[in-house]
Amino acid sequence: MAEDLAVGGGGAAAAPDPDGPDGVRMTWNSWPRSKVEASKCVVPVAASVAPIRSSPSLVVLPYSPLRCKPPCAAVLNPFARVDFAAKIWICPFCFSRNHFPPHYAGISEANVPGELYPQCTTVEYAPPPLDAAAPPPPPVFLFVLDTCLIEEELGFVKSAMRRAIGLLPDQALVGLITFGTQVHLHELGFADMSKIYVFRGTKEISKEQILDQLGLSALGVRHGAVAGVPGYPKGPQANGFHPSTSVNRFLLPTSDCEYTLNSVRFSMSLRILVQLMDQWPVEAGNRPLRCTGVALSVAAGLLGACNAGTGARIIALQLISLLSNYCICDWQIVSKDLSEPVRSHKDLDKDAAPHFHKAVKFYDNLAKQLVNQGHVLDLFASALDQVSVAVGCPSRTFIIIQSAVYMHYRRFVTVRLMTK
């Protein structure tokens, strides 16, 4: 019997179309009746499915599929049991009872939808677009800039950002976050003056706290604020986004913000460059304090509130070196004391890096948040001594699970692609 079950075995008749109308090719001509018979099959029991195979008899249905209740989510098919009187169908996979929606009210034994025809085991759904006239949402580029840099390096970063923004399409949205000892979220949409939201860098901040401080919390207003006051929206709209007025506070089209960035934040004058640099004093024998984790958390929280599910990239530009890679809180990789050397690959192999595992845990959680939001973090790092982010940096998670871009330089003036 085992020989009869394999392809080409015994007296099994060959089908005219081995793939059939469903585009499925199997390694057997009849299903084994027991585990013993299945074990005697020379060819393993398997199937090859071609979901995009074209067929002249394929039925196209101009509406969306009807799915079973979560977590099953199976689609209504000819193998489902249907109670036409009660307008109920039973899923053949999980045996859940599902009610037909109102637009299936006319269903009967003599009037069944196309997906219930016995011969329609494979159909194609072509639902009309929800709003064909609505343009797709614009891409978002949120720049996160490390300000613990020397004046020369900061000038190179400024020039690179100016060129990058000039290459973006006019409808693209651009935002700016700078960080050193504290995080500064720049409200580019406030044209009267330079308006900045400041976050402490010494304490981890949750997404809810970020949205509450920005006036984007689901509760509608910040603590102590009056409902209806401009600048404090009442939560998301029906599509899950906050009102456009809230988005425009921090994210502006390239055509609108290029002048603001050039004249207010990225002027070539030395005075503006000094203001942009981190003003927190650095004690002798210590590394500069930088709050990379809080800055990335603020960036992820902002995009999650304003642009969840749409294309957005966080572009982080940071200096990583032996003298200045101390990060505050759990995402640090070395202490602020210069007498403590940064961990090496040998320390990682011996599990002798005291801060590494906490940092990995933090960046793993942040990466999962960005993946759930549909966003990507790109890292552009200037480093003289860090030779491999993919091996020794906690933020390697973004490269692995997000297909993010990592560019590694000796200096920001020199561009060299290391890994992607």
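The backbone N, Cα and C atoms fix where each Cβ goes, and this holds for glycine too.
Values in this document were obtained by computation on a predicted structure and should not be read as measured data.
What TrEMBL records for 1-24 is region 'Disordered'.
Feature annotation from TrEMBL assigns compositional bias 'Low complexity' to 13-23.
Across the domain 'Zinc finger Sec23/Sec24-type' (65-104), the model assigns an average pLDDT of 92. The annotation domain 'Zinc finger Sec23/Sec24-type' is assigned in TrEMBL to 65-104.
Per TrEMBL, the feature domain 'Sec23/Sec24 trunk' maps to 136-390.
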>> Using DSSP, what is the helix/strand/coil residue split across the domain 'Zinc finger Sec23/Sec24-type' (65-104)?
In response: 3 helix, 11 strand, 26 coil
>> So if I exclude everything within five residues of the ends of the domain 'Zinc finger Sec23/Sec24-type' (65-104), which remaining residues of that chain have a CB under 8 angstroms from its CBs? That is, six or more out.
In response: 112-113, 115-118, 120-121, 125
